[in-house]
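Structure first, commentary second.
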């Protein structure tokens, strides 16, 4: 956590990385696209050098649950502006329950703080908890407004859980681009939008994610750290956004999005693992 804060002092200008470094990553992505009949988008940003590389990085993909990082960052921002109290409580009603609410479904009739709702949705991807946050913020449009405020002109949130995960081809609602969300994470974790305390809390939630052990975490190089948030949706949507770093490697922000495939969730997970392994190899070989 301290290491990440060191890099929050300066965000360098972005420059396109030498594509030869990522030749294997691109090759792997193309092979996976063909084998799964999928659409894949990738973006990678080195926060120290400002170098970035992308594959279909400006094309749109369903946000799915990767929006939860942004919603909770908005909660932190509003709290810092004195516009919301993260310790305020919301009574949980049975009507609040939606598909996949492992934390909230056990607390019907009880109260939960907004802070705890963010912890629940960030660490378990609890959908009812996400809706509690969205309602407190003023709805999905408030998240989109926040994104525009911090310079993201592409990412948009239009619906709540679980409808936002529809993933229909050509539907602009609830979408992002790999490049846009990498830039947004860079601003939220290393920029000036949030205080250092806010950045640390957002990172803490991402580091303690409990539902991504079979994705990038499974191929993380020894001695590296990761803070991430994943998502899944209709029409084969699968995604992950992550920050990875080590003592020798400055933070790297990665986004991987899959869409429009009939592949199983296991095969989509495996695709993310293979792409992640190739990305990590680029940086681990540099630091040897």
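Including glycine, each Cβ sits where the backbone N, Cα and C put it.
Keep in mind that this is a model prediction, so the values were computed, not measured.
Swiss-Prot annotations:
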type	residues	note
ACT_SITE	65	active site, acyl-ester intermediate
BINDING	229, 230, 231	substrate binding site
DISULFID	72-118	disulfide bond
SIGNAL	1-17	signal peptide
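Secondary structure at residue 72 (disulfide bond), taken from DSSP and collapsed to helix, strand or coil, is helix. For residue 230 (substrate binding site), the nearest of the recorded positions 65, 72, 118 in terms of C-alpha separation is 65. Among the recorded positions 65, 72, 118, the ones whose Cα sits within 10 Å of the Cα of residue 231 (substrate binding site) are 65, in sequence order. The Cβ of residue 118 (disulfide bond) lies under 8 Å from the Cβ of 71, 72, 75, 86, 129, 133, 205, each of which sits 6+ residues away along the same chain. Counting every protein chain shown, the number of other Cβ atoms lying within 10 Å of the Cβ of residue 231 (substrate binding site) is 23. For the pair formed by residue 65 (active site, acyl-ester intermediate) and residue 229 (substrate binding site), distance between Cα atoms is given as 7 Å, rounded to the nearest Å. Remark: residue 229 (substrate binding site) has 65, 66, 68, 69, 122, 206, 209, 212, 240, 241, 242 as non-local neighbours, by Cβ distance under 8 Å and separation of at least 6 in sequence. Remark: of the recorded positions 65, 230, the most isolated position is 230 (fewest other Cβ atoms within 10 Å of its Cβ).
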